[in-house]
Amino acid sequence: MAQHTNQGAHDAHGSHEAHGSLKSYVIGFVLSLVLTAIPLIIVLNDVLKGTAATVVLLGSAVLQFIVQLVYFMHLKEEGKPRYNMMVLILGLIIVLTIVAGSIWIMTYNKVA
Amino acid sequence: MAHSSNRAVAAPSHGDGHGHEGHHDLEGMRMMGFWIFLITDCILFGSLFATYVVLSGNTAGGPTGAELFEMLGVIAETFILLTSSFTSGLAVLCMNKGDRKGLIVWLAITVLLGASFITLEITEFVNLVHEGAAISTSASWSAFFTLVGTHGLHVSVGLVWMIAIMIQLGRHGINSVTRRKVGIISLYWHFLDVVWIFVFTIVYMMGVM
């Protein structure tokens, strides 16, 4: 058991240093640039309006979040007991609960 | 000369490449501890985002974001921070190759980009206050300045921290301790870029839409 944990931490450490290649950073950078340009073009040129625009905006933000996690933070290259991934998922669940819950409750609390 | 001071810092770790299980484990644990901090920071920003989204309509008859946001400056800030996230990654690549000079140069470029981001943000805040949108103007602007200001504060702290690490690298070179520190600051910097993507999307883009 203890040996297992050791092995995992060791792998995570080793792979973190070995795998971050120039290629992965360049791919991540280019994808991020594209995903930043898409909302700019859509909003500043009025290509889409209303809900469709909101969906595209949030969609590109979430995609860019994933791109940076994978290509900049190397989340996929973590060793076997994927503690970082588990903590991230727990954190995201808490964030989503706070944000969605606040919006949901406060929509029915409009005084003005 | 640099070697002896290297040893002083890396003494408990026996340097790199020895495959010391205990040491690797410890540095791995420190990395993970920082990751857990980042996730709690994520929750902090999540709460501020929730507050902003809920309060953004409550302008108390004052100016709205759509009227005052200068998108040109915001777009510049976005691309500057994105590029600095990339250059901090290049710094890590130089470190992995053992190139201390390249590492310090890329960190310096990252600091310069971060400093120009902060300069643009402060200019924006000053302009907003001049145009009648201060933190006390309305609930909407309170939420705005708290959210964007907290991010700006994180970037400022990151700048001081990065300069401190550059000084340590100059003194001690690349060893297991400075290696971990550079890894952590670059993780922190990527994280700040990710938070800014959501500030840019939710506050500015959806604000002017």
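Positions of Cβ are set from backbone N, Cα and C atoms, glycine also.
Database features, via TrEMBL:
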DOMAIN    B:32-208  domain 'Heme-copper oxidase subunit III family profile'
REGION    B:1-21  region 'Disordered'
TRANSMEM  B:34-55  transmembrane segment
TRANSMEM  B:75-96  transmembrane segment
TRANSMEM  B:103-123  transmembrane segment
TRANSMEM  B:143-167  transmembrane segment
TRANSMEM  B:187-207  transmembrane segment
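Long-range Cβ contacts of the transmembrane segment (B:103-123) within its own chain (Cβ-Cβ under 8 Å, at least 6 residues beyond either end) map to 73, 76-77, 80-81, 83-84, 87-88, 90-91, 94-95, 148, 152, 155-156, 158-159, 162-163, 165-166, 169-170, 174, 182, 189. Here the domain 'Heme-copper oxidase subunit III family profile' (B:32-208) has a mean pLDDT of 94 out of 100.
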